[in-house]
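Here's the structure we're looking at; comments come further down.
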Amino acid sequence: MSVTPADLMLRRYAAQGLATEAGRIALGYFSRQESLGVTMKGAQDWLTVADGAVEDFLRARLTELFPGDTVIGEEGGGEASDAVWILDPIDGTANFAHGDRTWCISVGFLVNREPTIGIVAAPALDELYVAQRGQGVTLNGQKIAVSGVDDIGRAYVELGWSPRVPSQHYVDMIGRVYAAGGAMKRSGSGALGLCHVANARTDAYAELHINAWDIAAGVVIAREAGGWVSDFFAGDGISKGNPILCCTPALASQLSEITGIS
Ligand code: IPD
Ligand code: CA
């Protein structure tokens with residue numbers, strides 16, 4: 001697909017507006033915890049009524065506005081194409097279901113498999129990240145940039161976890177980060193994890209397997225903030241997920257070795 005700068009600008013503004021509106025819908029559920037209708041998709045894999053409602057809203061509006069684009073969502077699936085929206089209606093669902101504000105709505109747009117637009121709305125934190133490839137990134141309208149940290153001995157590293165990977169592999173990775181002198185945390189939202197590298201709240205994010213909807217927006221946000229991101233969309237990344245490493249450029253080679261992710 002060949003897209004003009006005007007096509008992209010239109011999509012960025014539309015996605016920004018829709019993510020903000022979706023944030024209001026999600027916040028409505030979040031503020032009435034008894035309305036969440038929490039169920040489990042599997043062990044430690046949470047689902048609420050809000051996930052479906054937010055995805056249905058975004059999918060319907062994007063399809064109406066851009067009928068030639070395809071949409072992939074965490075809950076409803078979908079087909080990849082050379083102009084594809086990749087949505088996570090609620091990322092950090094376990095936090096959402098427990099009343100923790102660290103969750104977000106993630107809207108990414110890829111052109112010819114290249115992450116091109118990234119919007120992450122975290123309404124309970126009153127934060128909106130907006131990025132477009134080659135056009136920069138903002139948080140609530142202010143430019144953001146990754147930290148200058150180049151020494152693992154000072155690095156604050158987020159390590160994402162899911163039950164899709166044997167827990168021992170995760171524990172081993174934590175051990176290697178501490179052994180190298182780093183410090184780690186886990187906040188429970190991969191999408192916000194990449195945003196937090198972008199605005200220097202952390203210096204790196206790594207996860208041994210993550211799905212495309214978790215990071216499609218965050219990849220653009222982190223790269224536009226000057227971050228280094230592994231080649232997540234190689235191979236079957238869109239349909240099956242991949243490992244991800246995102247960090248300051250100066251930490252990339254050391255963290256690649258520690259995590260085994262390149
Ligand atoms: C999960 C979160 C978590 C990450 C997992 C994801 P969900 O998504 O992003 O932080 O470590 O890999 O599956 O279930 O909250 O949408
Ligand atoms: Ca997710």
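Including glycine, each Cβ sits where the backbone N, Cα and C put it.
Because TrEMBL annotations are produced automatically, they should be read as predictions rather than curated entries.
Given the structure is predicted, the values throughout are model-derived calculations rather than measurements.
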TrEMBL Mg(2+) 1 site partner of Glu74, Asp88, Asp91, selected from Asp172, Asp203, Asp214: Asp214
Binding-site residues near ligand 2 among Asp88, Ile90, Asp91 (Cβ under 6 Å): Asp88, Asp91
Chain-internal residues near Asp88 (Mg(2+) 1 binding site), provided their CB is under 8 angstroms and they sit 6+ positions away: Gly73, Glu74, Cys104, Ile105, Ser106, Ala191, Trp213, Asp214
Listed in sequence order, residues not in Glu74, Asp88, Asp91, Asp214 with Cβ within 8 Å of the centre of the Mg(2+) 1 site Cβ atoms: Leu87, Pro89, Ile90, Ser106, Gly190, Ala191, Asn211, Trp213
Cβ packing number for Ile90 (Mg(2+) 2 binding site), 10 Å threshold: 30
Neighbour tally for Glu74 (Mg(2+) 1 binding site), based on other Cβ positions within 10 Å of its Cβ: 22
